[in-house]
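Following: one structure in structure tokens, then a few remarks.
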Amino acid sequence: MEHFLKSIFDISKNVLPIILFIELIIGIIGNGFMALVHCMDWVKRKKMSLVNQILTTLATSRICLLWFMLLGLLITLLDPDLASARMMIQVASNLWIIANHMSIWLATCLTVFYFLKIANFSSSLFLYLKWRVEKVISVIFLVSLVLLFLNMLLMNLENDMCIAEYHQINISYSFIYHYRADCERRVLRLHIIILSVPFVLSLPTFLLLIFSLWTHHKKMQQHVQGRRDASTTAHFKALQTVIAFLLLYCIFILSMLLQFWKYELMKKPLFILFCHIVYGAFPSFHSYVLILGDMKLRQASLSVLLWLKCRPNYIETLDL
């Protein structure tokens, strides 16, 4: 039994980095494709709509996030001593926090945009926000920047305090380890609180979208039987995007909460790799949900797949 468990452990230790590497590459390709299509459309039309601006900025932030994670993985595998250096950890943490914060908040801006553009309510407050959707998105983005600054400031202050107190301690190794773990848990708790804000903002929009779809569907049933109008289709597409965002976001937050509650697991390399795979799943796979939910991106992806399918036949024809 012990031999079997050791074999499973050895296999997992070799397989998990490969899974993470493939996941990050898939995410970089998906987000890169999304940014490229929108940039080409911008060059062609000389203008870019608000939703395309959000999608392009979101894709760019996620490309940066995934590249930071990929470089961190490569450095850890190739030079573990460099990866464990305090300065390297601090720089990598700050870069990850910035890119991850922007990725989550831009996805939240996209959720709010879909809600204001697609939902139908007669409330004067909703109509006021709907007619000023660009200002609403701008305000949300500015609030996210303030929270990012606050997050970075508080986390770096907390780290500096922990380091200063750590150097004053002159007692047993076990106490130092527990003290250091407590400091890192405090930093993690602060990070979870800051990252919970966009989730709290996105969840009501999801519920209101469902309610808007339900009321719209009831009205349509009274007039048209067995048909789905454009508004209903738009509601379903928006809901698919928001559901995917919230589902992946929940998994992301739950993995961070698991780290907080069971911090002793952070000593285990396999658990750290598993957490990185969970973190990478959010920016990697959500991009493909966005591609499938956008007609222009979906058509562009189908064109690329068709070209890749026909390319070998074209090369064979040239060889003949």
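Cβ coordinates come from backbone N, Cα and C, glycine included.
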(Q) Per the topological domains given in Swiss-Prot, are R45 and T233 together on one face of the membrane? (A) yes
Q) Pick from N120, N170: which one does Swiss-Prot list as N-linked glycosylation site? A) N170
**Q.** Winner by Cβ pairs under 8 Å against the transmembrane segment (63-83), considering only 15-35, 95-115, 136-156, 241-261
**A.** 15-35
Q: Please give the average pLDDT for the topological domain 'Cytoplasmic' (213-240) in this predicted model.
A: 67
Q | Ranked first among 15-35, 95-115, 136-156, 241-261 for CB pairs under 8 angstroms with the transmembrane segment (271-291) | A | 15-35
